[in-house]
Ligand code: UDP
């Protein structure tokens, strides 16, 4: 298995208690987790959402702002998070490069897959921001797309939960975590942790999606080393 992975964090994950904005202590925690991967010879790509700042659907809800514009606002939010993440990684002594799907070259380099791969070869973490660059998509789909483009061995979706359950663990005490789940079953059940477009794209490209608990320290490294006690694999 190649040693390249893509990790997707939601924007909300950066917000902490507030539910909004960026908590630098959380950024620092994430950077430490990423560092442990890099220190173990793993090449890491990151996609971050923007939900801690703006979500297109919500911003366009009352019709004052058009959906397409709201989505561009959402994509810009992911760039804000990306700049912050780049800083946090550098603060830990890692080399990081932010790329954007929409050109804004004073802030970051544009997304160029060959350049990203060159960065990986030089042990740099690459953060892919601005989603896919298109409205009506999510950063989950962007993460699946980028993971496929960089030929990652897996897409790790970092969440607050241990994985995918057979029923809602918040509602049912006897809910059981599934170790693996097929793409078709994930699509049929419309699993909450990943949207259908992203799952369908992963299925087409045989990209395993690992739903993982990011709050469990060391979990990302464990998963890459084959311990999935705090994860579920959609494959
Ligand atoms: N977005 C978009 N195209 C993309 C990715 C994201 O238009 O390819 C916009 C969309 O409005 C979305 C927002 O950016 O609501 C933030 O991304 P997302 O909701 O996926 O962030 P997360 O829920 O992971 O924090």
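Each Cβ is built from the backbone N, Cα and C atoms, and glycine gets one as well.
Curation plays no part in TrEMBL annotations; they are all automatic predictions.
Bear in mind that the values here come from a model prediction, so they are computed numbers and not experimental data.
Checking the ranges 16-21, 22-27, 28-33 against TrEMBL, the region 'Involved in allosteric activation by GTP' annotation falls on 16-21.
Listed in sequence order, the residues 56, 74, 75, 131, 141, 142 complete the 8 Å Cβ shell around the UMP site centroid, once 50, 71, 132, 133, 134, 135, 136, 137, 138, 139 themselves are left out. Within the set of binding-site residues 8, 10, 159, 168, the entry lying nearest in space to residue 50 (UMP binding site) is 10 (CA atoms). In the three-state DSSP scheme, residue 159 (ATP binding site) falls into the strand class.
Sorted by the number of other CB atoms within 10 A, the binding-site residues 50, 51, 132, 134, 136 start with 136, the lowest.
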